[in-house]
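All remarks here apply to the structure that follows.
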Amino acid sequence: MVWTNLHAKIHRTIRSRRLFEPEQRLLVAVSGGQDSLCLIKLLLDLQPKWGWELGIAHCDHRWRDDSQANAHHVKNLAENWGVSFYLETANKPVNSEATAREWRYQALSAIAQAHNYQYIVTGHTASDRAETLLHNLMRGTGADGLQALTWQRLITGNIWLVRPLLEITRQQTAQFCQEFQLPIWEDSTNQDLKYARNRIRQELIPYLQTNFNPQAELAIAQTAELLQAEVEYLEQLAQQLKEEAMDWGQINSKFKIQNSKFKNPTSSPPSPPLRLNRRVLQKAPLALQRRVMRQVLQEILPDAPNFEHIEKLTALITAPNRSQTDPFPGGAIAQVQGDWIILGTGDKIIQNSRIQNSKLENCP
Ligand SMILES: Nc1ncnc2c1ncn2[C@@H]1O[C@H](COP(=O)(O)OP(=O)(O)OP(=O)(O)O)[C@@H](O)[C@H]1O
């Protein structure tokens, strides 16, 4: 086997970042394109050193005329390499990039779960990372979107999604495929400039390289790497602050005693409103206040909270008593009651308010 610099680099990356341990079962997501072919070839070559068990998964989205032929192509490669092959085919053609991605991750997770793989491995590269950062920058996602593609993340239960090629550019994977004569399946939709991602890849990045920095791709990908560590740190701090500020239980237990309905063991008590202590939050910097509010909203809203949702909840930290938001999607509202921000549906907030008042009345 020919051992290249890329083999050495990926071997080092996997070891230093502890992406996988020896003897583990890895499910490699192979589209047939240059990045995932480069990935599977590298992992196959490293396999004797690490003792992994490799499998190949392919997802047929049925959105191109040649989808089925593409799937056969990957199946043949897997057979030639003597690697288990798993195919998932969409019930009906998937019609957008976002739906395709969502369906693909579900399909890959289902294969991994059914066949006992702990890891799903994808061929995302530094080039993908740079493109994702630019795309998210223009959508206004904040630092979290700019960390653009992490090395690993828990995808379901105990299955991890891992991306070992994040420091390799698309130019390098193309060169590698050429060197080893890997039969790339060209995806015709990659040329279609109606997709924003393709315009970033084919027009914006080359423009930046020509006019600003020939190494723009790697420089942007490194920015994502730096941001990733910072985002992780801020999220941890925000988590601690949220725990300090949050109070779920107290109200409910008091409420249970006061309300005879809850003495009946057959009726279950409603979930209490969520309370956040404003004094705790007021001491924290704005960056953490916003992150706490986003974490809270992620728990209660049906979809990801947007900038406006986070800002209106954050504003309550210093707002006058009795200030209140309009309803969030799903119906919850937030209201200031003294030192507390109470989040819940309207009736729960009123209940909480009554308890607060009765506590005050009972004070000696
Ligand atoms: N149809 C598919 N089946 C299995 N895995 C896929 C499929 N499409 C994408 N992937 C996985 O997701 C990674 C990123 O996909 P993306 O669509 O961003 O790139 P791509 O241009 O398809 O990559 P590649 O050069 O490997 O084709 C791929 O490298 C591959 O690991």
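The backbone N, Cα and C atoms fix where each Cβ goes, glycine too.
What TrEMBL lists as domain 'tRNA(Ile)-lysidine/2-thiocytidine synthase N-terminal' is 26-203. Sequence annotations record features per position, and here TrEMBL assigns ATP binding site to Ser31, Gly32, Gly33, Gln34, Asp35, Ser36. Summarising the annotation, TrEMBL assigns domain 'tRNA(Ile)-lysidine synthase substrate-binding' to 276-332.
Neighbour counts were taken as the number of other C-beta atoms within 10 angstroms of each residue's C-beta; across the binding-site residues Ser31, Gln34, Ser36, the minimum falls on Ser31. Around the Cβ of Asp35 (ATP binding site), the number of neighbouring Cβ atoms within 10 Å comes to 24. Each of the binding-site residues Gly32, Gly33 was scored by the number of other CB atoms within 10 Å of its CB, and the largest score is that of Gly32.
Reduced to three states, the DSSP call for Gln34 (ATP binding site) is helix. Same-chain neighbours of the ATP site beyond Ser31, Gly32, Gly33, Gln34, Asp35, Ser36, judged by a C-beta within 8 angstroms of the site's C-beta center, are, in sequence order, Val30, Leu37, Cys38, Leu39, Gly123, Ile184, Trp185, Asp187. Across the domain 'tRNA(Ile)-lysidine synthase substrate-binding' (276-332), DSSP classifies residues as 29 helix, 3 strand, 25 coil.
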